[in-house]
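Colleague: The following feature annotations were taken from TrEMBL:
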TRANSMEM  A:12-39  transmembrane segment
DOMAIN    A:71-287  domain 'ABC transmembrane type-1'
TRANSMEM  A:75-96  transmembrane segment
TRANSMEM  A:108-130  transmembrane segment
TRANSMEM  A:159-185  transmembrane segment
TRANSMEM  A:206-231  transmembrane segment
TRANSMEM  A:266-286  transmembrane segment
Amino acid sequence: MNNTFRSDNRVGWLMAAPALTGLGLFIGLPFLLALILSFTNLKLASPLPLTFVGLQHYARILQDPVFLRALLNNLIFAVVVVPAQTGCALLLALLVNRKLPGMVVFRTLFFLPVIFPFALISVVWMLLYAPGPNGVINSVLELLTFGFWEPQDFLHNQFLALPAIMVVSIWQGAGFQMIVYLAGLQDISEELYEAARLDGANSWQQFWYVTFPCLRNTTLFVVSVTTILSFRLFDQVQIMTKGGPLNATATVVFEAVRAAFERQQIARGSAMTVVFFIIVLCLTIFQRRLVSEDRRVG
Amino acid sequence: MQTQKIFYLHAAHLVMACLLITLSVSGCTPEAETDKQVVTVWAHSGQGGERKVLMDQVQRFNEEFPDFHVELTLLPEGSYNSQLQSAALSHDLPDVIEFDGPFLYGYVWQNQLQPLDDLLPAAVQADFLPSIIKQGTMHDHLFAVGMFDSGLGMYGNKALLEAAGIRTPTSVDDAWAAEEFNQVLNKLAAKDQDGAVLDLKANYRGEWFTYAFSPIIQSAGGDLIDRRDYLHAESVLAGKEAVRAMTTLQDWFEQGYVDPNLDDAAFVEERVALSWVGHWEYPRYAEKLGDKLMLLPLPDFGQGSKTGQGSWQWGINADARNAKAAARFLASLLRPESILAMTEVNGAVPATKTAIARSPLYKEGGPLRLFVEQLRQSSVERPRTPAYQVITSVFQQAFDEIRNGADVQKALHQAAAAIEQDITDSEGYRSVPRS
């Protein structure tokens, strides 16, 4: 039975209307437009008549080595950043969840990077990554390795540029996930720990058999949000590396912006965003399925 | 029921309030002054000095010609072109538009500009540096003119060059040949602590790389696009001349001659002996180096030393209600006094011969005279095609790849292919009649 449109649901729909209108206007409509435009020859401010070119743009971008590299970079980024950032967030949350005086200061400090805009953070980190022995990170590494570290130009090295961006992203994003984990941690009943202690569990066992299982839903939420965010990687690339060197840091969103706004090829950029949307949609559906299966079992 | 009544009451109040606001706003608009011809002008809000000079010019024009009224709107530079583009789409462009040089050809393609051939006095047109006319012309019509042009060259540190026993060229004609320049770098590096002796402003972004380094391709006999028909790129951009020139440039990076210059202070701190940059660095360099500063032409890769050109331009909207008044305003901007006031604050090359003769930096014997000579003889305007947006973007990408050690032939071939594809997609940028 489909009860969605029953008359006593009307109030519900009415209340959802503002949000649904916003979603439709700012997400649904632009996506629909992108989908339509991706089949045309549209260029920004071109006086040529609009013609339909079919799947041409899709065929081209899927053969374009730079776009494929961008997809691969996004994938590598997600594979590394999602577990690393989630792990860091959990660690931080465990650290600041202790009931010690002054903990609020630490929570604020760890959360601080989240509230700064990425543009600002990127500029600051560019200074930290400065090459040569005067760069902060280079000199710290030199000190830690007793002078064995050779100063690197992180952002212009094709093997170090993407990892360098990953580090910034993890540092910036972990604070937000930490807060989510903190909420999850504080939701776990103290009685469970008490029972575990009575059973003689040490603190590692308490974490593994009480904390971690209780955080399952929080973890799933954090992982899916981080995955989506990590696919949206753009600001850092735009400011720190412009996709270089040798396309080592090009991402799908960066390539789409470059096509649409730098080269005025709106149709090509639209096709890229559609491909990107489909990938993120698949990932989200996959993760939703994981979550729902979990709930059924639990 | 009571709550419903209150809701309606609130809704009615809201509608009333909205109506009142609309009425009062429309009531406040001042009556248009019917006896004056209004000329609307959009310009980019540059450095403080440039802004002030422009505002002074507008004020002076309005005082001098009481029949006209120029309304100047300054827009931030960062998003300037996109704001212009959106205004163009909705046919809201002002009468007089300022834009960065390379965008000209796109505006002409979109039929946004009208020719200035008959609007600007012939005497003013004849006074321009040839580079201004070259850049402003498309389809045999002059569409835009600038108050100034740019100069690109190489600043040298006399003391360091002399210490290494290097011959310094004095004019475009005796520029270092590419091989000789390699020896220069080699000699300088031998005396340098870290071997990095050349500043290519590798810390700059975007348009710089096309502006600064396409001249070496042109000097070698290649180009960004075949200028006979503006349809093909492969043979000139990925031809053997271009590949040779870019391979030489790649070699400078690989030999470690290029200072990454992250602090933008490589030249003023005398870490390097040579700095490949434009006129805008002169004030800072002159202050720090004093008598040690010298200006040199870029190396000659076979077909003579070439250099870049082009800066901000002014054009008149095709829909301008009063093109004559707009042209009057442009002519007033192009008076020698206005040009000199502007170039005094931004240091650029004055656009007219009269102004140059009066400029202490650029007149005969002035320290930056070389820039004028170059603009007369050896500067190459950016390709006069709407495809330039794509050309410069793919060239920048190719440059990044070459600088980081990629195969030069392959990088240039990919760039050329992307340019040709865009041209085909745009039906050769054929002219489209105004609808």
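From the backbone N, Cα and C atoms, a Cβ is placed for every residue, glycine too.
Keep in mind that TrEMBL annotations are predicted by a computer and have not been checked by a curator.
Could you tell me the structural context for the features on the list?
Modeller: If you look at the transmembrane segment (A:12-39), the same-chain residues 6 or more away from its ends with a CB under 8 A from one of its CBs are 5, 52-55, 57-58, 266-267, 270-271, 273-274, 277.
Beyond its flanks by at least six residues, the transmembrane segment (A:159-185) meets 73, 76-77, 80-81, 84-86, 88-90, 92-94, 96-97, 107, 110-114, 116, 118, 121-122, 125, 129, 152, 211, 214-215, 217-218, 221-222, 225-226, 229-230, 233, 236-237, 240-241, 244-245, 248-249 of its own chain at Cβ-Cβ distances under 8 Å.
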Colleague: So if I exclude everything within five residues of the ends of the transmembrane segment (A:266-286), which remaining residues of that chain have a CB under 8 angstroms from its CBs? That is, six or more out.
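Modeller: Residues packing against the transmembrane segment (A:266-286) from afar: 31, 33-35, 37-44, 53, 57-58, 60-62, 67, 71, 224, 227-228, 231, 252-253, 255-260.
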Colleague: Can you work out which residues elsewhere in the same chain, 6+ from the ends of the transmembrane segment (A:75-96), have a Cβ less than 8 Å from its Cβ atoms?
Modeller: 103, 106-107, 110, 162, 165-166, 169-170, 173-182, 184-185, 207, 211, 215, 219, 222-223, 226-227, 230-231, 233, 251
